[in-house]
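Trainee: As annotated in TrEMBL:
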DOMAIN    26-321  domain 'Sugar phosphate transporter'
TRANSMEM  12-29  transmembrane segment
TRANSMEM  41-64  transmembrane segment
TRANSMEM  76-94  transmembrane segment
TRANSMEM  100-120  transmembrane segment
TRANSMEM  127-145  transmembrane segment
TRANSMEM  151-173  transmembrane segment
TRANSMEM  249-272  transmembrane segment
TRANSMEM  278-299  transmembrane segment
Amino acid sequence: MGHLLNSANLKALTYGLMNVISASGIVFANKAVFQTYGFHFTYALTWIHTVFTLVGMRVFAAVGMFPVKPIAQSRLVPLAAAYVAYIVLCNLSLKVNTVGFYQVMKIAVAPTVIGLELVMFRRVPPLRIVASVMVVCVGIGVATVTDAQMVSNLIGIAVGVGATIMTALYQIWAGSKQRELKASSMQLLHAYTPQATLLLGILVPLCEPMGWTAVPSQPMEVAPGADSVAPSPPQRPPGTLLAYHYTPAAVSAIVISAVLGLLVSLSTFLVIGATSSLTYNVVGHLKTVIILTGGCLFFGDSMPAKKFLGVCIAMAGIVWYTQQKLSTAGGAGTRAPGGAASGDPTTEPIRTPLLPITSSPQISVKSAYTATVARSRIGAAPGGSGGGMHNGHHSYRT
């Protein structure tokens, strides 16, 4: 038993636990910000998250977690815009949909990536992967069509589908950019976060009801003979960002969600570097179960038998899909770049067990970075796959 509790295993377990807590927690935290505290400003919340990520990436680089790679900013503008679009749509999907439907649509990213790669690059996957994706689609169909609460929410369906498509496009694009620029996911995120922060800073006053102008309060009627009452000061229009009542609890929830978003990026990077992408995918399936369960327990999501059956079918399909992607990559000896930015850590060769069980060198942040960069460089070789699935990112942010 003692050989299982060495430093390497304890660090790997710690990173895995951090990833489960942060990736699951950010979904619940964001939902609480929207639903419990009534902060309905999607662009503003996304901007706050991105500011925290910007500061965090600067700190991680300063302490030597990864070397900064100089990249021309002009080459990052489209990627920063795609990042903003997918994060905003994911947060909007979580705002207008149930936690369960949001997570089911996250599962749908895998078949969407396959479909987009077929349309965009004429890339035809192996028959076994197509079969697994079909199982996922059947499960998603059963889970959503039988959900009366969801079927009646046409706006929610449209936003959820849009978020899924944009997430898949971002994953494909980010993976190709990593290979093109020969940069790790952390280096790429560090490079384009300033542009994303600036873009969101412009979008917030354009897309959110700000309430710049205070509205004079209505004069109070005074009974005859009574003393006059001083008029109350002008009030900002209700339902605007500046009129929101920023209680300590609401501010704490917003800050917690932003910190969790940063921890998702960090823990994803560390988990893949310290163990394997197989471990990351198993952790991802665990997060899906936790998020679906938490939606029912904390936010009143319904889980009738038919919906539960559909979720189980989709989960079985995604597990099969993951196994096929891993085995395919193992046979080819290549993997695509993965990490928090691309959300594609699923095609690494199966060369390590679920968690290391033999004595191994100490795993440090730098060694985790070295392992991740090495895998990214392998993915740049001919034959590397650019597609993948992501079970709850950075979801990031959500």
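All residue numbers here begin at 1 and follow the chain in the order shown.
Positions of Cβ are set from backbone N, Cα and C atoms, glycine also.
Small disclaimer: the values here were computed from a predicted structure and weren't measured.
Help me picture where these features are in the structure shown.
Mentor: Confidence annotation: the domain 'Sugar phosphate transporter' (26-321) carries a mean pLDDT of 83 in the model.
Sequence-distant neighbours of the transmembrane segment (41-64) (same chain, 6+ residues past either end, Cβ-Cβ under 8 Å): 30, 33, 84, 87-88, 91-92, 95, 186, 189-190, 193-194, 196-197, 200-201, 203-204, 207-208, 241, 244, 254, 257-259, 261-262, 265-266, 365-366, 397.
With a threshold of 8 Å between CB atoms, the same-chain residues lying at least 6 positions outside the transmembrane segment (76-94) that come near it are 27, 30-31, 34, 42-43, 45-46, 49-50, 102, 105, 156, 159-160, 162-163, 166-167, 169-170, 173-174, 177, 188, 191-193, 195-196, 199-200, 203, 395-398.
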